[in-house]
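Novice: Pulled the feature table from Swiss-Prot, pasting it below:
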type	residues	note
BINDING	Arg16, Arg65, Thr96, Lys157, Arg259, Leu260, Arg261	GTP binding site
BINDING	Cys23, Cys27, Cys30	[4Fe-4S] cluster 1 binding site
BINDING	Tyr29, Gly69, Ser120, Met191	S-adenosyl-L-methionine binding site
BINDING	Cys254, Cys257, Cys271	[4Fe-4S] cluster 2 binding site
DOMAIN	7-232	domain 'Radical SAM core'
Amino acid sequence: MSQLTDGFGRSFPYLRLSLTEACNFRCSYCLPDGYQADGRPRFLQVDEIARLVRAFAALGMSKIRLTGGEPSLRKDLDEIIATVAAVPGIRKVAITTNGTLLPRRLPGWHRAGLTALNVSMDSLQRERFKTITGHDRLPEIEQGLALAQALGLPAIKLNAVLLRGLNDDELPQWMDYLRGRPFSVRFIELMRTGDNEAYFQRHHLRADVVIEQLLAAGWHERPRAADAGPAREFGHPDHRGSIGIIAPYSRDFCKGCNRLRVTAKGDLRLCLFGEFGVPLRPLLQRDEDHDALLARITTQLGLKAAGHGLHQGQTGLTPHLASIGG
């Protein structure tokens, strides 16, 4: 099956689908004042999600990542996962979560067809974690990760946003943590959004600083697979785990773009920091609109730019990452 390809030769096997803008954390870099609902939002329903995923699968997509906000706040998440996993052509169903509900809900997600797990974990130190996220929930997350291992989930990744002055001295602790754990930790460079300019100026840390420390500690960059995304992967012979660096301010970051995004309200976003969204929801109400939906997606892909405008301070439509799921 052919894959979606843009005018710059990039293929897109991967969709990030936001299920909600709501979040139960108050992360200092994203929603420091907590989630503020705009009226009564109506996020995509299961039948709309089914039509959406069938369309992207028909266009060659094989991986769906469910994001938020915090997707575990959806009470119908088990049904959503099962619906996505049942679509022919979808081989990988992943979720990105803050992990607080893993002990209670992960078994149900696993039974429904979840194949990969990403957990946001910005610090290994309990007090720091509380400072960054606004919640003292690190023990539940650690319990959930142990459960994920026990269930045999084949892909477990941890996401940590690099924050100068808050967690930038924890790399040695992370290395020790990965010595006996087969996780992949992703260090993500803080990105400027529409509402965090002052915070960005205080806490942005160049990913190069971490890469230099990794190389000095004997870690080696792994060859990039042909279908790899923008992360640079590092490994060490004495560690079971690996480290990925996601550096959106690096020169070649956008060359490795392999994903599209759909918001919780059904807008196609060609770039995390794009200037416009394409409404797909009107074509998600009837099965008979399947061909029109395919045409809208493929036509709009031709408008995808070569790269973002972060270096010029252009953050596009993204007020904060909870609005689109990163």
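Cβ atoms are placed via backbone N, Cα and C, with glycine included.
Model, not experiment: these values are computed from the prediction.
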Novice: Name the one residue among Arg16, Gly69, Ser120 whose Cα is closest in three-dimensional space to that of Cys23 ([4Fe-4S] cluster 1 binding site); these are the binding-site residues.
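Specialist: Closest recorded candidate to Cys23 ([4Fe-4S] cluster 1 binding site) by Cα: Gly69.
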Novice: Would you mind pulling the DSSP three-state label for Arg65 (GTP binding site)?
Specialist: strand
Novice: I'd like to know the mean pLDDT over the domain 'Radical SAM core' (7-232).
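Specialist: Mean pLDDT, the domain 'Radical SAM core' (7-232): 95.
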Novice: Going along the chain, which residues six or more apart from Leu260 (GTP binding site) have their CB under 8 A from its CB?
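Specialist: Spatial neighbours, sequence-distant, of Leu260 (GTP binding site): Leu4, Phe12, Tyr14, Leu15, Arg16, Phe56, Leu268, Arg269, Leu270, Leu301.
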Novice: Rounded to a whole number, how many Å is the Cα of Arg261 (GTP binding site) away from the Cα of Ser120 (S-adenosyl-L-methionine binding site)?
Specialist: 19
Novice: Round to the nearest Å and give the CA-to-CA distance linking Cys30 ([4Fe-4S] cluster 1 binding site) with Met191 (S-adenosyl-L-methionine binding site).
Specialist: 10
Novice: Closest of the binding-site residues to Cys271 ([4Fe-4S] cluster 2 binding site), Cα to Cα, picking from Tyr29, Thr96, Lys157, Met191, Arg259?
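Specialist: Result: the closest of the binding-site residues to Cys271 ([4Fe-4S] cluster 2 binding site) is Arg259.
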Novice: What is the Cβ neighbour count of Tyr29 (S-adenosyl-L-methionine binding site) at a 10 Å cut-off, with all protein chains included?
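Specialist: So the Cβ neighbour count for Tyr29 (S-adenosyl-L-methionine binding site) comes to 23.
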Novice: So for Gly69 (S-adenosyl-L-methionine binding site), how many other CB atoms are inside 10 Å of its CB?
Specialist: 26
Novice: Using Cβ atoms only, which residues of the same chain lie under 8 Å from Cys27 ([4Fe-4S] cluster 1 binding site) while being at least 6 residues apart in sequence?
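Specialist: In sequence order, the residues whose Cβ lies under 8 Å from that of Cys27 ([4Fe-4S] cluster 1 binding site) (at least 6 apart) are Asp122, Ile132, Thr133, Gly134.
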Novice: I want to verify one value. Collapsing DSSP to three states, which class is Cys254 ([4Fe-4S] cluster 2 binding site)?
Specialist: helix
Novice: Where Tyr29 (S-adenosyl-L-methionine binding site) and Cys257 ([4Fe-4S] cluster 2 binding site) are concerned, what is their Cα separation in Å, rounded?
Specialist: 23
Novice: Between the Cα atoms of Met191 (S-adenosyl-L-methionine binding site) and Cys254 ([4Fe-4S] cluster 2 binding site), find the distance and write it as a whole number of Å.
Specialist: 14
Novice: Looking only at C-alpha atoms, tell me how far Arg259 (GTP binding site) is from Gly69 (S-adenosyl-L-methionine binding site), rounded to the nearest Å.
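Specialist: About 18 Å separate the Cα atoms of these two residues.
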Novice: Could you measure between Arg65 (GTP binding site) and Ser120 (S-adenosyl-L-methionine binding site) for me? Cα positions, answer in whole angstrom.
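Specialist: So the Cα of Ser120 (S-adenosyl-L-methionine binding site) lies 14 Å away from that of Arg65 (GTP binding site).
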